[in-house]
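Visitor: Pasting the feature list from TrEMBL:
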REGION    1-25  region 'Disordered'
TRANSMEM  73-95  transmembrane segment
DOMAIN    111-583  domain 'Glycoside hydrolase family 9'
ACT_SITE  His513  active site
ACT_SITE  Asp561  active site
ACT_SITE  Glu570  active site
Amino acid sequence: MYGRDPWGGPLEINAADSATDDDRSRNLQDFDRAALSSRPLDETQQSWLLGPTGEQKKKKYVDLGCIIVSRKIFVWTVGTLLVSAFLAGFITLIVKTVPRHKHSHAPPDNYTLALHKALMFFNAQRSGKLPKHNNVSWRGNSCTHDGKSGDAIMSDLSGGYYDAGDAIKFHFPMAFSMTMLSWSVIEYSAKYEAAGELNHVKDVIKWGTDYFLKTFNHTADSINRLASQVGSGDTSGGSTTPNDHYCWMRPEDIDYVRPVFDCSSCSDLAGEMAAALASASIVFKDNKAYSQKLVHGAKALFKFSRDQRGRYSGGGTEAATFYNSTSYWDEFLWGGAWLYYATGNNSYLQLATTPGLAKHAGAFWGGPDYGVLSWDNKLTGAQVLLSRMRLFLSPGYPYEEILRTFHNQTSIIMCSYLPIFTTFNRTRGGLIQLNHGRPQPLQYVVNAAFLATLFSDYLDAADTPGWYCGPNFYSTDVLRDFAKTQIDYILGKNPRKMSYIVGFGNHYPKHVHHRGASIPKNKIKYNCKGGWKWRDTKNPNPNVINGAMVAGPDKHDGFRDVRTNYNYTEPTLAGNAGLVAALVALSGEKNVGIDKNTIFSAIPPMFPTPPPPPAPWRP
């Protein structure tokens, strides 16, 4: 049998070989010498024959288990990796330790900057015991005893907001202000969040709604009286009785009795307060207990407004002099729409879409003030609010016909805002005259700017590029441009180059008609007449009331920065609420748009009711 010689030669093995071990060993040694003398052996062969030696050469290969690589390549690879890691760490250390210029975000636009200011005005208008975070250094606790007089409907009416440059709390425009702020938060919460003002504006709203809950028995299902005003401003007949108009005092120094007015037949006021609480309940829907409290109060107020009809300013009340309400039908539409969104209860929608109610509110007959949203007339706001439902929910029968009418009327109103139409005049500087040249125009302008931007965003969200004015089609950008030109005018792009928002820009009113801002906080208490010297001085106000939008210029773009002329220099709560709404709508990126769904969160799925069958045919 032949086996293969591992060294290349044949090896014969005799099975019958009987040589001894010593003989085999000698023969093998002889053979080894012969083989070695014939050719050299490699290392492996030598190790087999000779066993381990002390002078073995280093292996040229490295066994990594799954592969065998050259030792030289292995050393170079590991070394390269170590050097690369060291260099990378060294470079990273240098980059992190060496100072460098950081790329900042794009600066906020003017609308966002003005928004920060405009919200501060509400902090300056707070009544009662102020929170520690109020951030208006010259304001303090004031009128904390409101309602404690013996004839008050409620024992505690501290809190709320002063209306303007005086210390009166007019609940009618105050409620409208809170509704407008809530509406803006519902639609543009993402923009408030981006501006860092969402918590602030919600705090502003809650300060108002907490106060409204004090003005009636909010735990009852039905009520019969409601506080309508705190403080007095009647100076007719030359009256010298100390009150909030005759006296020029800081609210913190008021020591005279402040009367409380109430009403038992005030559909307009109750309807507006119901709208304020209902809209705020959507803002605070994440706080379930508080939201339900607001809804319960809104229901009681709206029931009261429907059951006991009448105008809160009727019968020669003091409110008629300052905030006279012309009708309560628009508040029925407005309050009903908000209560439907807050509760999902169909009865409110049925009421808000009743054609007879809309007719009484003036939805079909126009007039010189048609399309002008204000603290007195909410018809335009209600129509926009209900058009939203048609655009996004499309409830169909039996609501479609009246909702289509509201939508069409809203489109007509938007057309009236455009400069190509002559429904409203404009000043040479471009300010639209929604109040037809009467004083204090800006409060109406900001409301229109908000509605125009909002309706534009509604159409964009509904994938509708524009709307028709007669035979002509206009892009949604036209509406936004209208709003921008009006707000830009207020921010300083006007013939006088003046900002009408205090604290914004370099040139703004310095003699604002405002008691608290005009009297220094110097630990001196000025009595009723003692403050007159601060009213009449030509010096600028010692306190800057940041964010206050003054009443505005006249129809010739003229403006007099005079403290005693309130038609130019007095700010109001309702005016600033519209300003905040318009500013947040225009702020930031256009593609952020509105929040389509939050306002509908309480509404159950809608299944359109099929129309009734036609009448039977008769020959």
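Using N, Cα and C of the backbone, Cβ positions are placed for all residues, glycine too.
TrEMBL: automatically predicted annotations, no manual curation.
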Visitor: Within 10 Å of the Cβ of Glu570 (active site), how many other Cβ atoms can you find? Include all protein chains, please.
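Guide: Step by step: centre on the Cβ of Glu570 (active site), count other Cβ atoms within 10 Å, giving 21.
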Visitor: What whole-number Å value do you get for the CA-CA distance of Asp561 (active site) and His513 (active site)?
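Guide: It is 9 Å, counting Cα to Cα.
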Visitor: Which Cβ among the active-site residues (His513, Asp561) has the fewest C-beta neighbours inside 10 Å?
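Guide: Least crowded of the active-site residues His513, Asp561, by Cβ count within 10 Å, is Asp561.
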Visitor: Could you tell me the mean pLDDT the prediction assigns to the domain 'Glycoside hydrolase family 9' (111-583)?
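Guide: Value for the domain 'Glycoside hydrolase family 9' (111-583), mean pLDDT as a whole number: 96.
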Visitor: Roughly how many Å separate the Cα of His513 (active site) from that of Glu570 (active site), to the nearest whole number?
Guide: 5
